[in-house]
Amino acid sequence: MGPPTLAMDNKSSLPISPDAFKNSCNSQVEPQKIFASVSVGKEKPFDFFRVLIDGVIAGGAAGVVVETALYPIDTIKTRLQAARGGGKILLKGLYSGLAGNIAGVLPASAIFVGVYEPTKQKLLQIFPENLSAFAHLTAGAIGGAASSLVRVPTEVVKQRMQTGQFASAPDAVRLIVRKEGFKGLYAGYSSFLLRDLPFDAIQFCIYEQIRIGYKLAAKRDLNDPENAIIGAFAGAITGAITTPLDVIKTRLMVQGSANQYKGILDCVQTIVREEGPPALLKGIGPRVLWIGIGGSIFFGVLERTKLLLAQRRSGNENPESFKQD
């Protein structure tokens, strides 16, 4: 396109002042700002602590709601995976250990989202648009690693209570430390990271990327049901993919001081040798159901809480700076 011109007709044109002519030219030649699909709208200073606090609150709320609603399904899944050979599955005490688990889930979820959100937004500012998926993957893995310091002891205590080894969380912690030492609370830590770092990274990446595509197609922000459906899909797919890792993690965590397995590789070899390869998919049904529904609830509550926090901070103004990308 050629340089801007202003058509003049000596018979009908009106006099134009120099300022008006200058403004007219500037309005035509000024380049338009095109925001990438991962843009958060108008550029604003990155407020790390605000994003951190909002993430902590939203993540903690979402984690507690999900854990309370789906704990029985998680208990059944754990008992299926812990059973060796043709062992029977008990359907009693499906809420065993819930209170102690919530005490760990609340800070763990808060830490995860509190780390994930500012990390994600910072990476999205650094990486180009076509690497937004890498930003989401990286942020998810970093968030998972940070929260693992709380999540692993919580998971160890929860799963041993679910399998009937202890009656209460305080008893579980005390006896585990007495028999196995403090490291007993981190039994299966490496397998936990092997499962959860890929899980967190993949789940959040799938969720974020689908949201970006959906928002571009719909040309509007997503509502709560849409966020929930996308969260359910992302959770179910990721849950199915990572089921073998979850089985290995469960076996290592619930073995206690018996030390049936020497490590991750020995655990895999023993399971395949004694029970066959299909045993690595034990509990896949409850796991996909649990994580699918959990993803729906978690992301639905997460997005709604973030929106409420943003609206409370800026009145009823549509929040720009804390939209999920």
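Every residue, even glycine, has its Cβ placed from backbone N, Cα and C.
Annotation source TrEMBL lists transmembrane segment at 48-73, 94-113, 133-152. According to TrEMBL, the repeat 'Solcar' annotation covers 50-122, 131-213, 226-308.
Here the transmembrane segment (133-152) has long-range neighbours at 38, 104, 107-109, 111-113, 115-116, 119-120, 123-124, 126-127, 185-186, 188-189, 192-193, 196-205, 208-209, meaning same-chain residues at least 6 beyond its ends whose C-beta is under 8 angstroms from one of its own. The repeat 'Solcar' (50-122) scores a mean pLDDT of 85 in the predicted structure.
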